Amino acid sequence: MTSVTTRPRRRLAYTLDVKGSPYIYIAPFFLLFGALGLFPLLYTAYVSMTDWNLLETTRQWVGFENYAELLTDDYFWNALFNTVSIWLLSTIPQLLVALVVAHMLNRSLRARTFFRMGVLLPNITSIVAVTIIFAQLFGRDFGMVNWAIQLVGLDPIDWQAGTLSSHIAISMIVIWRWTGYNALIYLAAMQAVPDHLYEAATIDGAGQWTQFWKITIPMLRPTIIFTAVVSTIGGFQIIAEPLLFQSGTGNPTGGSDRQFQTVGLYLYEQGFGLYEFGYASAIAWTLCLIIVVMALVNFSITRRIKSG
Amino acid sequence: MATTLTPAPAKKPDAPREPRRRKVRAPRTAGFWTYAALIAFLLGSLFPVYWSLVVASHDNDAIGKVPPVLTPGGHLFENIARVFDTTAFGQALFNSFLVSSTVTVSVVLFSTLAGFAFAKLRFRGRKGLLVAAIATTTVPHQLGIIPLYIMMGELGWTGRIEAVIVPGLVTAFGVFFMTQYLSSAVPDELLEAGRMDGCTTIRLFWHVVLPAARPAAAVLGLFTFMQAWNDFFWPLVVLTPENPTVQVALSTLASGYTTDFALVLTGTVIATVPMVVVFALLGRQIIGGIMSGAIKG
C-alpha cells in the first residue's frame with residue numbers, strides 16, 4: 001500500500017516510535033517520583049547534617065552532630081524501646097492468629113465470601129477512626145474493656161497511664177486492623193499447597209494439627225517471611241495510633257511520661273512540634289536504618305522455618 | 001476450593017478411586033467448632049465498628065451507663081448535624097473526594113502506561129529502571145516528609161489541597177502491580193499482529209492494552225482510592241484544620257479536651273461510611289486483589 005517515496009520517512013517514524021516511545025510512557029512516573037519521592041529522601045540526608053530550625057530561621061552545617069546527640073538522647077531510646085515493644089506485642093499474636101484463621105477459612109465453608117469479607121472489614125477502616133474508637137473502648141472511666149474487666153471481678157485499669165497497659169491497648173488496634181488481611185494472604189498461599197500432600201499425610205494417619213504444623217507451615221514459609229518483613233516495615237513506622245490514643249490528642253508526647261511515644265511520633269514532635277528539621281531528619285534516617293536492619297533480622301529468623 | 005474436574009464417567013475402570021478421594025477430603029470440611037470460632041472472630045472484627053454506630057446514635061450521657069447500651073438510639077442525625085457545625089467536615093468530605101479521585105485516576109493511568117512499557121516494550125535500561133522502581137516500594141516514605149514539607153513551603157502549597165494531591169499522583173507499587181499483570185494478560189502475538197497492521201505504539205496501548213488492563217486497573221484503583229481516603233499523617237502535617245481532609249478533621253474533632261464521645265464517634269461513622277459502601281459493592285474484587293498476592297497494605 002505504501003508508495004515508494006514515503007517509505008524512508010515511515011521507517012524513521014516507526015523506529016522512533018518503537019525505540020523512543022517507551023521512555024515517554026515511563027516518564028510521568030519517573031519525573032513525578034523523582035521530584036516528590038526520591039529527591040526528598042536524599043535531601044533528608046542533607047538536612048540531617050544541619051542545625052535547621054524553621055522558627056529561628058537558623059541553618060548551619062553541623063555534620064554528624066545531630067546523630068551524636070541522638071545517641072545520648074533519653075527520649076529517643078525511650079521511643080525506640082516503646083516502638084520495639086509495641087511492634088512485638090502486635091506482630092506476633094497478629095501473625096499467629098492470622099495463620100489459624102486462614103487455616104479455618106481454607107476448609108470447605110458455606111458462605112465463603114461472607115466470611116472473607118467479614119475478616120477484611122477492619123482493614124478498610126481508617127487508622128484515625130479505629131484509634132478513636134479503641135481509645136474510647138479502653139477509656140479509664142467509661143470504657144467497655146474496663147467494664148468487662150470489672151464484671152469478672154478485677155480492678156479497672158488506667159490503660160493510658162501504664163507503659164505495658166498502653167502498649168497492649170495500642171497493639172490491639174494494630175492486631176484488630178491487620179489480622180484479617182494477613183489471614184487472606186495466608187489463605188491464598190494455603191490454596192496453592194497441592195492437595196496430594198494432605199492426602200498422603202491422611203493415608204499415613206497424620207491428624208489435623210500434625211498436618212498443619214508439618215505441611216501447611218513449611219509450605220507457607222515464603223509467605224510468612226513476606227508478612228513478617230512487611231509487618232516490620234509498617235510496625236516501626238507507627239505514628240497515628242499512639243498520637244491519637246492519647247486523650248486530648250494532638251499532643252505528640254505519647255502520654256504524660258512518654259510511656260507510649262514511638263520513634264515516628266518523636267520524629268513528628270521534633271519536626272512539626274518544635275520545627276527542629278535537622279534533628280528530626282537525623283531521626284528519620286536512623287529510623288530507616290533500624291527498619292532495614294530489623295527487616296533483615298526478621299528475614300533470617302523466619303527463613304529458619306523448616307521447609308518441606 | 002474449586003470442584004475438581006474429573007472427567008471420569010462412572011463406569012471407567014478407575015472408578016473405585018472416587019470414594020477414596022472423598023474419604024480423604026472429608027476432614028477438610030468445616031465442622032461446628034470451625035464455624036463457631038470463625039463467627040466469634042467475625043463478631044470481634046465487626047464490634048468496634050458497630051459500637052461506634054451505637055455511640056453515635058445516642059446523646060453523650062448514654063456513654064456512662066452501666067451496663068453499657070448496646071443498641072442504636074435515635075440521635076444519629078442530630079449528632080451528624082453537630083459534627084458539621086463543630087468542624088469543617090463538609091469541606092473535609094469535599095477535599096477527600098477530590099484528593100482520592102484525582103489520585104486514583106492519575107495512579108491508574110500512569111501505572112498502566114509505565115507497566116505497558118516495562119512489560120511489553122523493549123528499550124535500553126528497561127531492567128535497571130524496573131528494578132529501581134520496585135526497590136523504592138520498600139523505602140519507608142515517612143523518611144522524606146521533612147524535605148517534602150520544605151518543598152511545599154517553597155511552592156506556597158502549605159495548607160492547600162495540592163500539597164496532598166501532587167505527591168500522591170504516582171506510586172511505585174502501582175507500576176510494579178501493572179507490570180506484573182500486563183506481562184501475562186497481553187499476549188505478545190497480539191501486539192505483533194497489531195504492529196503488522198501498522199498500529200503505532202500509542203494505538204496499541206489504547207486499543208489492545210487498555211481494554212486488557214481493565215480488571216487489574218479496577219483493583220489498583222480501589223486500593224488507591226481507599227489508601228488516599230484513609231491517609232492521615234502527611235495531610236495532618238501539611239494541611240490546616242480550616243481546610244482539612246476527612247481524617248484530619250476527625251483528629252481535630254477528637255483533640256478537644258471535652259470528652260463528647262457521641263460527637264467524636266459520629267465523626268468516625270461519617271468518615272467510615274464511604275469506605276464501607278465501596279467495600280460492600282466491590283469487596284469481592286478487593287479480596288481477589290489481596291489474594292492474588294500482589295497487594296501490600
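Cβ coordinates come from backbone N, Cα and C, glycine included.
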Given ranges A:159-178, A:179-198, the stretch to which TrEMBL attaches the annotation transmembrane segment: A:159-178
Beyond the flanks of the transmembrane segment (A:223-240) by 6 or more, those residues with Cβ under 8 Å of it: 83, 86-87, 90-91, 94-95, 98-99, 127-128, 131, 170, 174, 178, 182, 185-186, 188-189, 217, 262-265, 267-268, 287, 290-291, 294-295, 298-299, 301-303, 305
Candidates A:21-46, A:84-105, A:159-178, A:277-301; stretch with most C-beta pairs under 8 Å toward the transmembrane segment (A:117-139): A:159-178
For the transmembrane segment (A:84-105): best-contacting stretch of A:21-46, A:159-178, A:277-301, by Cβ pairs under 8 Å: A:159-178
